[in-house]
Structures are given as structure tokens and as C-alpha cells.
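*Asks:* This is the structure I want to talk about, given as C-alpha cells.
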Amino acid sequence: MAKYDDHKQLKCSFCGKTQDQVRRLVAGPGVYICDECIELCQEIINEEFEEDMDMAMRDLPKPKEIKAFLDQYVIGQDRAKKALAVAVYNHYKRINSKVKSDDVELQKSNILLLGPTGSGKTLLAQTLAKLLNVPFAIADATTLTEAGYVGEDVENILLRLIQAADYDIERAEKGIIYIDEIDKIARKSENPSITRDVSGEGVQQALLKILEGTIANVPPQGGRKHPHQEFIQIDTTNILFICGGAFEGIDKIIESRIGKKSLGFGAEVQSKKEKDVGEILKHIMPEDLLKFGMIPEFIGRVPIVVTLDPLTKDDLVRILTEPKNALVKQYEKLFEMDGVKLEFEKKALDLIAEMALERGTGARGLRAILEDIMLDVMYEIPSDETIEKCIITEETVRKIAPPTLVYADAQKIGRKKAKKTESVS
């Protein structure tokens, strides 16, 4: 509080009121501000903050908009996309809401994606981050170990997110982290062991704090922590964690639980051979995850469990051709740059999908199959300006015949050369 001066009456530099007219006058270097002006400034700041929050809420895509965006990149999995859209919308609504300490506390809801290899778990998480324009990082749970053992500390996951945000901590604190192969850190046996399980239960324990929300100390260069280094501090309260895993064998655990019980109006659950694995997974309960080897505390921190269906042949054909980043569209664009039209026969696409199913790699295996098929023709075409069209047939996929090539006449070749010259100049 400024001291009273008999010779000169002190005034607020903003409103002009004297010290006698206000409760308090705060002195600065050559200026004064009264308590009334401080309150007014606080009100202005609060109003602007509320406007920013309202704008953030208006900009947040609604669940239907989120699903529509996911539909552009991910084929099938409608139920999973709906569940993810609602969960992500609620998560960012919670961050952007003006929740006061005396109101209802909205807890964070991390997500567990459960589905076969190549069913779209990673792609779903990546696409969500792309839509929301937030930093995104992928971590592999199999590389993590408990602190003090050879391997990566869980804090290194956070470092990847910070790096994705260009070291903007505030942005990173609203990012998304996808932890893949989370099923591989299941406890080695259902009963707690007296020996250390440093890559299983130990990692689950280490992840608990950052999943729930804590101020984590992250080594800026990665690697192990040591007491004499500086740390980057990051609050994980608003980071959305999406954990994904195939959880192979969990369908048997679910079946053993519900197999003899009736569902609906006394209908018995069919055997695994008759029942689709995807349908069985829809009946998953926390107790099944517990039996699989996930610890109760971990299960409690990923309350939203989303199951993905195994991909069918038709799904894989659609994945090849329909999404914005479909592999066939990408190859067509690459060929177009060389002035060649690329076509895939329907039987060729069906066979590629069948090969991916046989390998058990799902959508992930499609690119490897296509690269193998396309290598020779992509090597030859740029050097031959007479080629106008390339058709990939079933025989091409089976490697019993090369692609069908259509050659242009001399007039077209001349126009093609002229077009190339124009683009270079």
C-alpha cells in the first residue's frame, strides 16, 4: 500500500481517484492503481477468457462431424468410430469447459482400442489428431520397462509428444498419445508373482500416474533420468491417451465367461467356429481384461473400451480404393505424373485382398503386396514415353504375366513430350 504524503495527495493513475476515495492504492514505478481499477481489469480479463473458451467450444467438431471425417480415411468400424467420436468430443469439451472448483468434476476418460492386427487402430488415432490439429505421438509399449531397468522410461513417451509440438508445452498438454501393443505388457500370469515383471506389470504400474494426470519430469534428451540433469515439466491431466492392442486369446476368456450363459431371450452363445470373433469381443468386460493380465488400476484408468471388427475381403478392397489416401489412388497419381493412366481390374483387387487376409496382416499388409507387384513396371515406365496406359490384371498379381501395357500413337507421344517441356520450363 502506498504511504500517505501530507504535501501531495496520491491518485490512481487510471481513474484519478485519490487515496482517500479508495480502499487501497498500489504503487508501481512512478504510477499508482486503485483496488477498483484492479477489479475492473480482472473482470475484463475474465470476460476475454470466457470468450476464448466459447470460441474453442464452437470450433470443437461435434461427434457426427468427427465420424464423418474418420469415414474419409477409415473403412468400416462404424461402431468403433461412433464410440471414439463421442469419447474424443467429451474429452476436449471437458478441457474447454468453464468448470469451477465447486461444480461437478469431469474426470479424464482414456480409451482402449481392442482389435486384430491391421484393423485400423493406429490410423483411427492418427486421423483424430489430424482433425483436431493437436500434437500426436506414437509409442510402442514393448520397448518400455520399469524405472531402473534396461529399456525406455515411460516419460520418454511424453518427450515424443513434446517434440511433435515443437517443444510448445502448452500445446503438448492438449495432445494425443497412442500407445501400441499395450496387450504385450500384460502380467505374465494372473496371480501376482514375487519376482519382478519389469516389462509387464511393472510398466503398467509406471503408466498409472501419467494416464491419470500428473506433473511429469521429462529428460529433454530422452534416455534414463539422473539427478544432475534438467527436466521439462509437463502436466498430463489433459493429454488423451489411446491404448491399442490385438489382445490375442481374449475371445476365449470372454467365451469361457459367457459361453454357458444365455444372452437375450435365452439364446445360447455359439461356439467360436460359428461365432465371429468381432461379435465375441463386443461382450468384453473389465474382468476379462483382468484375467488377460491387465492390473485393476490400469483398467480403471482406461474406462472407455472400443472393440474393432476383423477386416473382411470386401473391407480390404474398399480400403484399397475408397479413402482419401487409398493406395490405389496414390499409385494412380504417381503414374499420372509420368503421363500414364493406371487401372486395376476388379479380380486383381480381390486377389490382393485375399493375399492380405492369408498373411494375417490386415490393411497393414496391403502396401507390401502392392509394392512387390508394382516394382518392375514402376522401374520401366518412366523411361518409356510410348506407354499410355497400364492395366494390373489377376495374372499380374499371381506373377504369371506382366501388366497389360497400352502404347500411344506418334501424335500423342509428341503432345506428351511438349507437355513435359512446358512443365519443365
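Every residue, even glycine, has its Cβ placed from backbone N, Cα and C.
Keep in mind that what you see is a predicted model, and the values were worked out from it rather than measured.
Heads up, here are the entries from Swiss-Prot:
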type: BINDING; residues: C12, C15, C34, C37; note: Zn(2+) binding site
type: BINDING; residues: P116, T117, G118, S119, G120, K121, T122, L123; note: ATP binding site
type: DOMAIN; residues: 1-53; note: domain 'ClpX-type ZB'
*Asks:* Beyond C12, C15, C34, C37, what residues of that chain have CB atoms within 8 A of the centre of the Zn(2+) site's CB atoms?
*Replies:* S13, F14, G16, K17, V22, L25, Y32, I33, D35, E36, I38
*Asks:* Take the C-alpha atoms of T122 (ATP binding site) and C15 (Zn(2+) binding site) and report the distance between them in angstrom, rounded.
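*Replies:* About 58 Å separate the Cα atoms of these two residues.
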*Asks:* Quick one: Cα separation, P116 (ATP binding site) versus C37 (Zn(2+) binding site), in Å?
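*Replies:* So the Cα of C37 (Zn(2+) binding site) lies 62 Å away from that of P116 (ATP binding site).
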*Asks:* Using the Cβ center of P116, T117, G118, S119, G120, K121, T122, L123 as the ATP site position, which other residues in that chain lie within 8 Å, going by their Cβ?
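*Replies:* Those within range, site residues removed, are G115, G244, L308, G362, A363, R364.
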*Asks:* What average pLDDT does the predicted model assign to the domain 'ClpX-type ZB' (1-53)?
*Replies:* 77
*Asks:* Could you tell me which of these binding-site residues, T117, S119, has the fewest other Cβ atoms within 10 Å of its Cβ?
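*Replies:* T117, out of the binding-site residues T117, S119, has the fewest neighbouring Cβ atoms within 10 Å.
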*Asks:* 10 Å Cβ neighbour count around G118 (ATP binding site)?
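*Replies:* Here the count is 23.
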*Asks:* Given the binding-site residues C12, C15, C34, C37, which one's Cα is the least distant from that of G118 (ATP binding site)?
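*Replies:* For G118 (ATP binding site), the closest Cα among C12, C15, C34, C37 is found at C37.
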*Asks:* Can you name the residues of this chain that are 6 or more positions from C37 (Zn(2+) binding site) yet have a C-beta less than 8 Å from its C-beta?
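*Replies:* In sequence order, the residues whose Cβ lies under 8 Å from that of C37 (Zn(2+) binding site) (at least 6 apart) are C12, F14, C15.
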*Asks:* Once near-sequence residues are set aside, which residues in the chain of C34 (Zn(2+) binding site), 6 or more away, have Cβ atoms under 8 Å from its Cβ?
*Replies:* C12, F14, C15, K17, V22, R23, R24, L25, V26
